[in-house]
């Protein structure tokens, strides 16, 4: 299978550090990196952080992913999308760092769409740095949707330790907009696409899907909102003969009682409804997967952590798990179409 592309993220955050630690750990544990990666970003930034971390990784610049095969397993190949014009300043917001992080994503996505890379794993970007660079996007998900000309990709979060998976019906939007988006979205298509992705990407033959309500107590029969009765429940009923889907459940009791363990995936109506319990349960190991794209993309479920950038304190566990999952999903898709 082809190589995976790891994007460097914001060069003033922990992205370069967790990439280097993941690569170094893989070399020390197996003698070779399992995912056979290339890094898309800045060779200078990787060399800078490698020195700060006291690592002796052999970093080489290449101009095409196919050239990575010519190097020994211990070499970390890098495709540069640009180099910083001034000394690196870990923990600071920079338009240049934002621009380089987005250029890396664009390059990796294009390599995947061209069939030259099997998957992409993205290190964290900083939203303010991206905005300063002139990009209107709020994160990876909507940027990749534009690059892939795809409508409404799904954010899914997975904990490889417990198996917990949470999908979001809406993503990075202000809370006051959630009800209108729930009413305007094609919820039936959302659930059908989610079901299909779980089958193809995770090899779950009959996914068990739990759906949370939007309102407190799932509105208690319409006392605290009408979205459950008018939108969510009719959609679940219409799909029940084709999918293993149940709900809507009150979010607090659902997670508090551990009922989520009875399902393959839980669908939350908005960002914090799903991510708050997920991060409590899987802060160090959680992975973000973007479903509904014509490419495989995973990422660690954390941000740039500017407060510890460049200090050698960042945990690479989530990125390492994201790299493993990207390889697994790419393999599953390859087998499905072989």
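Keep in mind that glycine also has a Cβ here, set from the backbone N, Cα and C atoms.
Record check, Swiss-Prot: substrate site residues include 140, 141, 279, 288, and the candidate from 132, 297 also listed there is 297. All protein chains included, residue 140 (substrate binding site) registers 26 other Cβ atoms within 10 Å of its own Cβ. Residues 140, 141, 279, 288, 297 are the ones the record ties to substrate, and the longest Cα gap between any two of them is 20 Å.
Taking the C-alpha positions, the distance from residue 172 (divalent metal cation binding site) to residue 279 (substrate binding site) comes to 16 Å. A separation of roughly 13 Å, to the nearest angstrom, links the Cα atoms of residue 288 (substrate binding site) and residue 271 (divalent metal cation binding site). Annotation note: residue 172 (divalent metal cation binding site) sits in a coil segment as assigned by DSSP.
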